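Asks: Below: one structure in structure tokens.
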Amino acid sequence: MKLFNTLTRQKEEFKPLVPGQVSMYVCGPTVYNYIHIGNARSAIAFDTIRRYFEYKGYKVNYVSNFTDVDDKMINEAGAEGTTVPELAERYIQAFLEDTRALNIEEATLHPRATHEIPAIIDFIQTLIDKGYAYEADGDVYYRTKKFADYGHLSDQNIDQLEEGASQHVNDEEQGRKEDPIDFALWKGQKAADEIAWDSPWGKGRPGWHIECSVMSTKYLGDTLDIHGGGQDLEFPHHENEIAQSEAKTGKKFVNYWLHNGFVTVGKDEEKMSKSLHNCVTVHDILKNVDPQVLRFFMASVQYRSQINYSEENLEQAANILGRFKNTLEGINYRLADATEGLPDPDLAKLVTETTAKFEAAMDDDFNVQNALTAIYEALPAVNSNANAEKADKESLRLFAKKLAAWLSVFGLDVDKLLAKEAGDDDAVIEELVAQRTEARKNKDWAKSDELRDQLKEMGVVLKDTPQGTRWSRE
């Protein structure tokens with residue numbers, strides 16, 4: 001299996017620290033609002049990666065944090081007239097509700113920054129003791145230039161970074177920082193009513209970057225197999241995590257850095273951002289969009305690629321899901337009949353070849369498009385066999401099992417996919433389908449067509465097969 005490592009800018013063979021196990025940390029949301037589709041894209045991308053590791057037999061220790069204190073949290077709590085902990089709890093629950101709807105597996109652990117304050121203080125003190133950090137009027141800053149490898153992950157020169165940073169340092173920080181490029185590890189309390197914790201440097205709260213260094217190494221060890229997040233986190237967040245963690249431990253922090261692509265919106269493929277006021281929340285989308293369609297749409301694009309959120313692309317995803325559903329329904333319908341099966345060597349070979357193509361694609365840095373193409377190209381032959389006079393039932397049964405496993409990698413539950421929406425008119429539909437079957441048996445084509453039209457007006461789609469007529473709702 002090969003992964004594209006942002007640190008080296010190339011694909012590398014995946015070699016876990018412990019054979020058969022994967023330690024994986026993914027930056028979670030700052031919980032001051034409902035998650036938008038950019039947040040969902042990252043969560044779904046890394047959930048798909050996690051699921052494929054599990055499909056391959058790995059045990060995955062997956063840690064994803066909640067940032068439950070920072071400037072955004074404080075500002076939003078003030079605007080809503082609530083406390084930071086109350087705001088965090090509300091949106092953590094909203095996050096869990098949205099991710100459950102999208103069938104995102106819950107993390108092995110969801111640590112919260114505010115629950116890790118003692119560990120954060122200890123981590124910062126170690127950096128001070130080693131000369132990598134310094135206290136200034138209640139704040140603590142990281143001495144960036146002391147870390148020789150700074151800028152490696154984002155492929156940037158530290159002198160250029162320093163020049164850019166000097167233009168963004170406010171007057172208040174100017175007198176405290178040794179260098180404009182230094183960043184905050186601990187922020188001293190600015191107002192008496194501002195959320196804060198006691199520390200050796202006075203009351204205050206942790207900086208954003210230190211939170212992830214502490215939580216990842218506390219729960220996964222000094223060196224991680226994989227660290228994931230959006231491309232927007234590559235700098236400065238992940239760059240700063242490396243500087244903090246490696247300065248403290250003296251060890252390589254992460255072996256494989258993975259970053260997912262951005263989400264664009266609409267026909268113009270405009271980058272989604274709060275500043276452009278084009279953010280769409282999952283909470284709002286799911287009022288009108290089937291969660292399985294949204295999940296499949298987001299999972300069907302390779303994680304490093306940009307993805308465009310639009311009604312047309314959602315509709316295309318729904319159509320592909322419909323093809324998978326029809327194939328599974330056809331197989332199940334055929335397996336339930338009493339006819340004797342007939343082995344088909346070509347179909348058995350196709351199942352084996354499709355499995356190999358699917359895994360080869362996913363082993364190549366999780367190339368989901370090629371994996372889906374392999375499945376999609378197998379459907380016509382499978383459907384044809386399911387509708388044949390004598391089907392290869394064993395191969396059909398195996399393909400259905402494989403397809404369920406493949407779709408599970410994409411976060412789809414086959415049982416939910418195949419579940420028919422119960423309606424008050426189901427019995428009526430069954431009766432009309434039976435009447436039409438009788439009319440066809442009697443070669444009463446006019447009556448058969450009349451019943452088909454009646455069912456169509458009721459939103460029912462019919463499919464005639466040698467084994468009988470199947471129906472589904474549009």
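Cβ coordinates are placed from backbone N, Cα and C, and glycine is handled just like the others.
Pulled these from Swiss-Prot:
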type: BINDING; residues: C27, C212, H237, E241; note: Zn(2+) binding site
type: BINDING; residues: K274; note: ATP binding site
type: MOTIF; residues: 29-39; note: motif ''HIGH' region'
type: MOTIF; residues: 271-275; note: motif ''KMSKS' region'
Asks: Determine, for the Zn(2+) site, the additional residues of the same chain whose CB lies within 8 Å of the mean position of the CB atoms of C27, C212, H237, E241; present them in sequence order.
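Replies: Leaving out the recorded residues gives W208, H209, E211, S213, S216, H227, G229, L233, H238, N240.
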Asks: Long-range neighbours only, meaning 6 or more apart in sequence with Cβ under 8 Å: which ones does C212 (Zn(2+) binding site) have?
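Replies: Once residues fewer than 6 apart are set aside, C212 (Zn(2+) binding site) is near Y25, C27, N65, H237, E241.
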Asks: Please compute the mean pLDDT of the model over the motif ''KMSKS' region' (271-275).
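Replies: Averaged over the motif ''KMSKS' region' (271-275), the predicted model reaches a pLDDT of 70.
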Asks: Give the number of CB atoms, excluding that of E241 (Zn(2+) binding site) itself, located within 10 Å of its CB.
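Replies: Excluding its own Cβ, the number within 10 Å is 28.
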Asks: Could you tell me which three-state DSSP class C212 (Zn(2+) binding site) falls into?
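Replies: C212 (Zn(2+) binding site) sits in a helix per DSSP.
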Asks: Work through the binding-site residues one by one (C27, H237) and point out the residue whose CB has the fewest other CB atoms within 10 angstroms.
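Replies: Sparsest of the binding-site residues C27, H237 by Cβ contacts within 10 Å: H237.
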